[in-house]
Amino acid sequence: MQRGTGTCKPRASLKRSKILHMALMGTSDPSGEAEASQEKPFVLRALQIALVVSLYWVTSISMVFLNKYLLDSPSLRLDTPIFVTFYQCLVTVLLCKGLSSLATCCPGTVDFPALHLDLKVARSVLPLSVVFIGMITFNNLCLKYVGVAFYNVGRSLTTVFNVLLSYLLLKQTTSFYALLTCSVIIGGFWLGVDQEGAEGTLSWTGTLFGVLASLCVSLNAIYTKKVLPAVDGSIWRLTFYNNANACVLFLPLLLALGELRALLAFPQLGSAHFWAMMTLGGLFGFAIGYVTGLQIKFTSPLTHNVSGTAKACAQTVLAVLYYEEAKSFLWWTSNMMVLGGSSAYTWVRGREMKKTQEEPHPRENEKSNMEV
């Protein structure tokens, strides 16, 4: 009995590390999906997946449109993008702390880790927090200067930076077919920029912020792998420390850029509607992390990436309809190239990872030959 119990923990640890690896690399676990499908009836599982994917779509699309309203609404006229980002980080910190306290006081109510601010851990997470600040700030600045319809194309180079940084920092090579999909994404990006310029709606500032946001998203994925052990592998602890560090680091930026003075002169500073929209933006920012994990849990990392691509397509169509914009055929072609290239990259990488997992390792072959 003791021998059987002793092998249980390593297997559980191996399974957790495997899930984390798949989430970061964007691959699926066929065995896990098979086990889950056998546990529940097909109709119930299909309904759960539909509800979770719908929740992810609604949360993600609503967050983008709400942030666009807060950052660049003619009726609001609030020119404080750093403060908007700072407030959303503050809401996330308070929500994490609140849920942690609730889980401690009422066990079983919510499944949330205990959170205690440790300055040593905060310092360990600091390099990632700097990248995290760049990622969320450049995302919001990109959204401020470009339209929601062009937002996905403006930030479409994340996959390209993933490949580039994997080679430069991790010395990992990429297959020809994966590079081919990246070339499609780059072509779609430049065609989109060209068409935005032809229509007179191009913002080079917003496009630059979009490229920087893509770079920071790639760096964030790399540094997250390195920093996770400092928070015991807990994504929620990492979220708490990242946002807590961001709140502190944003304060000098608010003073240096004069956003606090602009905020004090803001006519709607005492409006309950304004603060309700700001708080709702923070809630969506917190919720997107939860629903993303939920979608991966009920489907797979590969399906999550496909869902994200389809969501981006729906978001673009909704933006064109909502803002009553007229777009050319080539503009739509650029979007399809970006979305198609991203989907193709996910598919290629998924097949490559599956093939790698199925192939026996050379050392195992040598060992088996020696035993024979």
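Every residue, even glycine, has its Cβ placed from backbone N, Cα and C.
Automatic prediction, not curation, is the source of TrEMBL annotations.
Annotation source TrEMBL lists domain 'Sugar phosphate transporter' at 48-341. Per TrEMBL, transmembrane segment is recorded for 49-70, 82-100, 121-138, 150-169, 176-193, 205-223, 244-266, 272-293. TrEMBL lists 353-372 with the feature region 'Disordered'.
The transmembrane segment (49-70) is not in contact with the transmembrane segment (121-138), judged by fewer than 3 CB-CB distances under 8 Å for residue pairs 6 or more apart in sequence. Model confidence over the domain 'Sugar phosphate transporter' (48-341) stands at 92, taken as the mean pLDDT rounded to a whole number. Counting only same-chain residues 6+ beyond the ends of the transmembrane segment (121-138), those with a CB under 8 A from a CB of the stretch are 81-82, 85, 88-89, 209-210, 212-213, 216-217, 219-220, 223-224, 226-227, 230-231, 238, 241-242, 244-246, 249-250.
Remote same-chain partners of the transmembrane segment (205-223), defined as residues 6 or more beyond its termini with a Cβ less than 8 Å from a stretch Cβ, comprise 24, 127-128, 131-132, 134-135, 138-139, 141-146, 150-151, 154-158, 160-162, 164-165, 169-170, 193, 196.
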